[in-house]
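One structure is given here, and the rest of the page talks about it.
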Amino acid sequence: MGAPLVALNDGNSIPQVGLGVWQTPPEDTERAVAAALAAGYRHVDTAAAYGNEEQTGRAIAQSGLDRSQVYLVTKLWNSEQGYDATLAAFEASVDRLGVDYLDLYLIHWPVPEKNLFVDTFRAFARLREDGRIRSIGVSNFEPEHLRVLIDSTGIVPAVNQIELHPLLPQRELRELHAQLGIATEAWSPLGQGSLLAHPTVTGVAESHGKTAAQALIRWHMQLGNIVIPKSVNPQRIESNFDVFDFELSEQDMASISSLEDASRLGPDPKTFNFTG
């Protein structure tokens, strides 16, 4: 069974569950992506900063699947923001991936100190007009960044990929996304593993005969989030995709949501200006 599709504001759609390859060493990436595609995944999320675009692309090319069957996402790194730099960085990414178009291209971080994300997004829009990108979006954008971007370009991003897990459910940002028509995508959806042994999560999982990771992925799905769990273990990759045959109850959802404590595992987008 394939992942459900989430409709985007530009008429395209994205598989709700994908494989993320953040912090996946290049030597492990090809094997992980191959295992995911064999398990039924049709959505792979990488980034220039991950250093594994080449291996991601090679696994897709060797999978036997047509390019059109795999939803491919990568991200522009902070040091490459700006109109002309973005156009060059895009060409470098698709060259490493061995493809001629992207399904979704994201600005990795707003980098407020540089204040180049508007010009960067204008370059994204040009690439979309040229048929090189199907959908354009952002990552780690806070409400103030989204408002500036939309007011300046007249374009609403299709996706905002943000840190999101039960400890940091991002309610206000998700509500804003819903108002604006932006799809919410979760990175570190399992809380970088910190929630897998939590008794609340394991209790919900056991009541459905599922793993803690499966329960957390299902929690995201029922909130409407796109979710990209990361793993290099083929069995876990397969298990993380076995989430379409059960449903959490309202009580299950509330129990997992009650774990919120505003814990942020990654940098704060308001102050993260790293470009190295």
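Every residue, even glycine, has its Cβ placed from backbone N, Cα and C.
Under the heading active site, proton donor, Swiss-Prot lists TYR50. What Swiss-Prot records for LEU190, ILE228, LYS230, SER231, VAL232, ARG236, SER239, ASN240 is NADPH binding site.
Here the features listed in Swiss-Prot are placed on the structure.
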residue: TYR50; record: active site, proton donor; Cβ neighbours (10 Å): 22
residue: LEU190; record: NADPH binding site; Cβ neighbours (10 Å): 23
residue: ILE228; record: NADPH binding site; Cβ neighbours (10 Å): 27
residue: LYS230; record: NADPH binding site; Cβ neighbours (10 Å): 21
residue: SER231; record: NADPH binding site; Cβ neighbours (10 Å): 20
residue: VAL232; record: NADPH binding site; Cβ neighbours (10 Å): 17
residue: ARG236; record: NADPH binding site; Cβ neighbours (10 Å): 16
residue: SER239; record: NADPH binding site; Cβ neighbours (10 Å): 18
residue: ASN240; record: NADPH binding site; Cβ neighbours (10 Å): 26
Give me the CA-CA distance between LYS230 (NADPH binding site) and the residue listed as 'active site, proton donor', in Å, as a whole number.
13
Output field, NADPH shell: CB within 8 Å of site CB centroid, site LEU190, ILE228, LYS230, SER231, VAL232, ARG236, SER239, ASN240 dropped
LEU19, GLY20, ALA213, PRO229, ASN233, ILE237
Between TYR50 (active site, proton donor) and SER231 (NADPH binding site), find the distance joining the two CA atoms and give it rounded to the nearest Å.
14
How big is the NADPH site in terms of the longest C-alpha to C-alpha distance among LEU190, ILE228, LYS230, SER231, VAL232, ARG236, SER239, ASN240, in angstrom?
15
State the three-class DSSP label for LEU190 (NADPH binding site), counting H, G and I as helix, E and B as strand, and everything else as coil.
coil
